[in-house]
There are 2 protein chains.
Amino acid sequence: MVQKFNNHIVTDLPFLKEKKLLVACSGGLDSVVLVHLCAALDFDFTLAHCNFSLRGAESDGDEEFVRQLASKLGVECFVEQFDTGHYAETQRLSVQMAARELRYQWFDELLQSKRLDYILTAHHADDSLETFLINLSRGTGIEGLLGIPEVNGTIVRPLLPFSRKEILAFAESEGIEWREDGSNASTAYLRNKIRHEVVPHLKELHPAFLQNFQNTQHFLGQTNDLVINHLKELKQKMFRHEKGVVKIQISELEKLQPLDAYLYGLLSEYGFTEWNDVKSLLGAMSGKQLISKTHRLLKDRDCLMLSKIEIKANTSYAVHLNETTSDLPIKLKLEEWKTLGETAENVVFLDKEKLNFPLVLRNWKKGDYFYPFGMRGKKKLSKFFKDEKMDLISKEKQWLLCSDEEIVWVLGKRADERFKVEESTQEIVKITWHT
Amino acid sequence: MVQKFNNHIVTDLPFLKEKKLLVACSGGLDSVVLVHLCAALDFDFTLAHCNFSLRGAESDGDEEFVRQLASKLGVECFVEQFDTGHYAETQRLSVQMAARELRYQWFDELLQSKRLDYILTAHHADDSLETFLINLSRGTGIEGLLGIPEVNGTIVRPLLPFSRKEILAFAESEGIEWREDGSNASTAYLRNKIRHEVVPHLKELHPAFLQNFQNTQHFLGQTNDLVINHLKELKQKMFRHEKGVVKIQISELEKLQPLDAYLYGLLSEYGFTEWNDVKSLLGAMSGKQLISKTHRLLKDRDCLMLSKIEIKANTSYAVHLNETTSDLPIKLKLEEWKTLGETAENVVFLDKEKLNFPLVLRNWKKGDYFYPFGMRGKKKLSKFFKDEKMDLISKEKQWLLCSDEEIVWVLGKRADERFKVEESTQEIVKITWHT
């Protein structure tokens, strides 16, 4: 029994031998067996225990158990207490998701600060089956039916091929002690309901159910790889990169069948997972757009334009006289000047006395208007943009230089009539945009 | 409740209205509800009942029930008795598979002989879930996790979106009577075990479990469509068609990752489902081959050669003197001739007295040898083929003309020394191969 576990690790995960490992240990059966395996294999490891403070004295008992296990084995043990309930509330997560996030955040910190190489967790075949059934119960795509990878970046799961039953047999044959997790015994959680009520019946359907299930997940993983390859080829063919924007010909998209699945496959990685919305966008008027957390998808005549949303820490910046900006998104130089020089796309001359310093650099907002240089009246910026035939993304990227609330210069496009140098002007400011 | 069922059929299966339908009816809940639906919708339908003779008097009771149902509704009813047990035994099938084959064979016959348009069966959402779980228990790929299509050729399944529970509620609300299937109550069959022990617990995991499951199957179906498109594109790029043989460059195959999945995906439709065998073939010696039920896959230097196995009703044919063959795979003409004419690739002249008529046309078999024309000794045909640098498929397609067991002519290649026209020859036979 022990041999079977050792063999798997030595044969399939040989790189662990020479590394510094962090073994996540709750004190429960699976992780305690993993710890004993690491000790038996003479690995260089330390323990990490998360106390999620969810079960009062029981949680503290687990912590104490892990500390003692570490000291018995003569290895170091890191312990961290989390206020999981609070985190879940503030982050609007389920308690299980919150615990998961806290756990991996802390492991990553430990890995970096202690210069360790890999985190080992005790996930096993039954965990994969449970996750599969949870996702199935909620409705999912192929991704939700795939297994957890045995090696994923710095996270390694050496027990993944083994069943809970095998792990239990291992523990019993070696006289290993562990802490029963009180929450396992109840069916309060979906996972426990699956573990105790669904899985035992499933396993009765076939003597090799779990092995067959692992094969199925392996095949599904390969099928998913084919899909990934297919979509990658399609993207190479269809996505035209132009100045930070990806242009996609709508007529080419519409050829793809099934369209829903292709829209999802091509655009989900940019946060557009509602293919129905994307489908309506294909036939929408120019200018319509979808916004994901990270990207913007804009319909522009016969194309979709995909661009990253730039996260602006601050949407307006102060620009001082006699200074060249250095930590702003663009470089502006404001100088006092003697005479009116030649205006250019990136240079304007303005009447200093009409301006209130510091000036303000910001993007367009709804309702903006200005008095275009050389014209008598005022004009809405939206109208000005339209006349300039600017697409939505260019509009959003457009910088404006303002004096208080009044627009002084639509950068690169037009200055404002109100601030122009006149005969009466006493002092001139030259503004240069170093593009 | 009734409205929900009617709406679905009227909206999503409008083509049924004008057609002649055959409704498969076991007498059980699902199919009896389907029959009542067809009646309520005023469809033009007849019933078909299979008596599989598996449950003695109970089976006969079912038959009687369906006959009475038909007569109550004033529709025709076809009944067929099957000896399922015997068929299963002789065809080496499970009883369930045997019943399935017999059923659909008979339905097809009825469709043709009675000039009907569609077969309606009562499969519903729970059936799909059960099939999914059966395949999952055995281990499967994505195809095993897909649903049954609602319309598949001439088979239509109007109840597919509905659960067994909804169908039951329908029957109860309408006071519909049906026969309880005795085999349903036991857990003797895998499907019944799933139905009674696994599915109820699964459905407790989520209030919309079955709907979510249908969505999952829909998504998996679309993913599978993407894979099919991908493989189709690959085949167009990689499969070179030459004279009934498909040549595939091994170096191109080997670039594909994951290779196993690609080998399976590209070659499974030709019956090569053991990708492991195909993988070894890539690196095997020239001449190694795999044979499926329908195809041959031959390693030939840097290529795999895929060809259909031609099914020969008879591997040897009689060829008579003074006759031109007309119903043989090739056209041969055997004429008595006066003088020795000019030999060609497709023409030989032989000594009539040395031949025993009718001659025999057949393919190569192991151990064949002949006396190549112009040479003194005999030569194994395998050696001759090798010297001619013939690939395996050409060898197998090679025709031989024999006198009893002795090879007279390796068609298109070489005649035999033993039957050549000599000075002493009295009568000559001219043989022409009209290619």
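Note that Cβ sites are derived from N, Cα and C of the backbone, with glycine treated the same way.
The ATP binding site annotation in TrEMBL covers A:Ser26, A:Gly27, A:Gly28, A:Leu29, A:Asp30, A:Ser31. Summarising the annotation, TrEMBL assigns domain 'Lysidine-tRNA(Ile) synthetase C-terminal' to A:359-433.
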State the count of C-beta atoms found within 10 angstroms of the C-beta of A:Asp30 (ATP binding site), not counting that atom itself.
23
PLDDT averaged over the residues of the domain 'Lysidine-tRNA(Ile) synthetase C-terminal' (A:359-433):
89
List of residues, in chain order, with Cβ under 8 A from that of A:Ser31 (ATP binding site) and at least 6 apart:
A:Val23, A:Ala24, A:Cys25, A:Thr121, A:Ala122
Go ahead and report the DSSP secondary structure tallies for the domain 'Lysidine-tRNA(Ile) synthetase C-terminal' (A:359-433): helix first, then strand, then coil.
16 helix, 30 strand, 29 coil
Which chain neighbours of the ATP site, leaving out A:Ser26, A:Gly27, A:Gly28, A:Leu29, A:Asp30, A:Ser31, have a Cβ atom within 8 Å of the mean position of the site's Cβ atoms?
A:Cys25, A:Val32, A:Val33, A:Ala122, A:Trp178, A:Arg179, A:Asp181
Within its own chain, what residues at least 6 apart in sequence put their Cβ under 8 Å from the Cβ of A:Gly27 (ATP binding site), listed in sequence order?
A:His49, A:Asp62, A:Glu63, A:Phe65, A:Val66, A:Leu69, A:Trp178, A:Arg179, A:Asp181
Taking only same-chain residues 6+ apart in sequence, whose CB is under 8 Å from that of A:Ser26 (ATP binding site), what do you get?
A:His49, A:Cys50, A:Asp62, A:Val66, A:Arg179, A:Asp181
If you count CB neighbours within 10 Å, which one among the binding-site residues A:Gly28, A:Leu29 has the smallest count?
A:Gly28
Provide the three-state secondary structure of A:Ser31 (ATP binding site) computed with DSSP.
helix
